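What follows is a set of notes on a single structure, which appears directly below.
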């Protein structure tokens, strides 16, 4: 699941988060009262005297890249903005297509025969092989993300995307022509390398090149197209399966990936390069030209912001390495390690809540609930469509309720759905007069589960990393996020076939437990990012000095910083209070609340106290 975003050079506003009216930051002059690690405004002479990195010696061997003469040109910068976002949406759609393409390929008898995994039912070796073919793909995405994150900093975003497209093309060709399990596994890994690279770089590139206007609307569009790609793959496979030629029924959907790859690998070369990367390489005039082509109005303020970020990045270049981010040698790198852990673990939790079971093995789930094979396929297809439209609600939930509340209540809702679904699934698997009714109940709850996930957990793990990683390590921060996604997906898709055959309906009950398991991590570890700038996030990680967000909040309060309640989102009016050196409304607990508690009757007090504590934790 996908992804997302940021923008280069924004001064204090976080450009990657949705910029709808409801989420205007209102934090442009706030620095948390204490110095954050943000770069200072560079003098012109200082910037010109910086030691810019030399072009990577192997860069000339990589095809493609930015060319100012070749770049698309539009009279209106807004048209360029739409073109960039449409192109990024197609790339994200390909990612969804590639992730969902195996859902029905696994069921094709000819495919199972070629892979040597027939019959799957009742054969533990074949069950392991089926899950393994799906899971090895995520080993490739793991590698591709790490390579592309480094390559994007060395040779530019465009060359990194072309690099990923070449691997994805080779993987798609090999998958469509596979004749045995070894061939297919190798092809899946190669394709994964390409998709991991594209998935890592495209969100960073699109955010750095396009302006931040209407980011909330585009966030919804991105994930809408992502799940649209998954649904497209499913329905192509469904109609392909009706073809009497069962060989073409599974090879055709795999081969159609090539269309997406050609569009991405060739099309990216006609778009502008990241202005921040160009500036980092000392190509200021080209960076200015890109900003003029993609921005309306005066670009000087943003250009100065980019210079400031680049100066800071070059001065702290030792921190911009994967090893330094995991094994820090100074305080700043130590803050980055914490952000890496939060980003990776959030992606893993996204898979632990169970969505991979539904998207990849939905047909098996519906068949287990008593539906015929053909009806199960139809239900799974319509479930994907429902899932796609539920994403629209994500912008509302993220903006209105904040990241923490959205994830916690989303997990609570999905846990209840899975609990009831597991109980009904147990009854639906036993023949009886009410078997169909129980099966219908399971189907309805599956639809409700995917809609709940789409409205809550789908977007947050991709949005959150862009809100906590500083601009100077954003590419590698995005790579770490994809690493977490790869680990979570790989584990879940590997074990799910075993779970369905071993514990059947218990699979839903297991994921009910995993949803409950994830809730304390969100409450205790993850600060609320909604309504806060990158500088404010730097303040939290610099002065919090604790993994426990409640304890970190108190540490920040004790240091005299106004914005200290990091369990709650920033509200309108909080900024004005902080500028007057007053505690923000988000500070939550006040002595008068204890007095109000004491006045409550003994019958009302527990409910009131629960509501207040939940509110202070950012959950209400």
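Positions of Cβ are set from backbone N, Cα and C atoms, glycine also.
Keep in mind it's a predicted model, so treat the numbers as computed, not measured.
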Range annotated transmembrane segment in TrEMBL (choices 158-175, 284-301, 302-319) is 158-175
Here TrEMBL annotates transmembrane segment, and of 52-75, 100-123, 340-363, 532-555 the range meant is 340-363
Candidate ranges 1-22, 23-44, 375-396; TrEMBL annotation transmembrane segment resolves to 375-396
As a test of reading the model: what is the averaged pLDDT for the domain 'Major facilitator superfamily (MFS) profile' (84-530)? 87
Tell me if the transmembrane segment (438-458) touches the transmembrane segment (408-426). I count contact as 3 or more CB pairs below 8 A, with pairs 6 or more residues apart. yes
Apart from its near flanks, which chain residues at least 6 from the ends of the transmembrane segment (340-363) lie with a Cβ under 8 angstroms of it? 1, 99-100, 102-104, 107, 134, 230, 325-326, 373, 376-377, 379-380, 383-384, 387, 411, 414, 418, 446, 449-450, 453, 457-458, 460-461, 464-465, 468-469, 477, 480-485, 487-489, 491-493, 496-497, 499-500, 507-508, 511, 514-515, 517-518, 521-522, 525-526
Taking a Cβ cut-off under 8 Å, which residues six or more beyond the ends of the transmembrane segment (438-458) line up next to it in the same chain? 1-2, 223, 227, 350, 353-355, 358-359, 362, 365-366, 369-371, 379, 382-384, 386-388, 390-391, 393-394, 397, 406-407, 409-411, 413-414, 417-418, 420-421, 424-425, 427-428
Beyond a gap of at least 6 residues from its ends, the CB atoms lying under 8 Å from the transmembrane segment (375-396) belong to 18, 20, 100, 103-104, 216-217, 219-220, 223-224, 226-228, 230-231, 234-235, 238, 241, 358-359, 362-363, 366-367, 443, 446-447, 450-456, 458-459
Most Cβ pairs under 8 Å with the transmembrane segment (132-151), selected from 79-97, 158-175, 248-271, 479-500: 479-500
